[in-house]
């Protein structure tokens, strides 16, 4: 076996998995105001950006060869039903328009979930102290349609409500967006790796947690049922989130389903690498590229990652 490992050219020729810039989707956090570029403390290198600062950010993403972004929004105000999420003047809708004016060919993917917009921080409508699944579906559909009308290229429901993909597909089809794809957060686990994201998006639950609707971290067979359900309801892309601790789920899904698959290299995974790199405990570049390679090796076709910009620089 070592004969094929001696020379770097041979190693390259025999290499089974390659990551490329075209694999990456870069998440961006947008907020109201002007001149806002707030550092996200637990996620070094990431910022909350106002729309005027979104323009140079998109210019940089384009210059690096990254072709897709995933938007998350911080609203001007919050209420019990996340009203700004499905208003034409909502922050996500405004950000879509800015991106399309700045870089018309940029693929804009939008998160469809209420947690950033509700005053209670949960992903759906609260009735009698719990998240009401069916009452939430109508709002998710309205949110997706509003994003599509603003120019979104792909909508990505992440609320983990039963039937969310079917409800959104019906809403899109009935308003003339039958060709707009859905990237479903199909196997989204109730993970502790989301902590830094909840700081970035100001979306921590104000009571309880999300284990009543996100998946149990111990289950993989259930993930296959979740993915199959989303496919049956009309998902065009499936997703596993988080990625690094769920490579087995990514691999199993790749074997079971012939659908395009995304994996989300989440905020906690990013933050751990950044913290260890800052303390000079690891080689941040090599570790990052190894992690991204492992996610693709497991079976992901596309990788949502906060590392996308720096990885693009290294790869180019």
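Quick reminder: no glycine exception, Cβ is built from N, Cα and C everywhere.
What TrEMBL annotates here:
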- 188: active site, schiff-base intermediate with substrate (ACT_SITE)
- 241: active site, schiff-base intermediate with substrate (ACT_SITE)
- 198, 210: 5-aminolevulinate 1 binding site (BINDING)
- 267, 306: 5-aminolevulinate 2 binding site (BINDING)
Under 8 Å by Cβ from residue 267 (5-aminolevulinate 2 binding site), same chain, sequence gap 6 or more: 42, 43, 193, 194, 195, 196, 197, 200, 306
Nonlocal neighbours by CB distance (under 8 Å) for residue 210 (5-aminolevulinate 1 binding site), same chain, sequence gap 6 or more: 122, 123, 160, 190
Nearest-integer angstrom distance between the alpha carbons (Cα) of residue 188 (active site, schiff-base intermediate with substrate) and residue 241 (active site, schiff-base intermediate with substrate): 5
Lowest local Cβ density (other Cβ within 10 Å) among recorded positions: 188, 198, 241: 198
Protein Cβ atoms within 10 Å of residue 306 (5-aminolevulinate 2 binding site), excluding its own: 27
Integer Cα-Cα distance in angstrom, residue 198 (5-aminolevulinate 1 binding site) to residue 241 (active site, schiff-base intermediate with substrate): 15
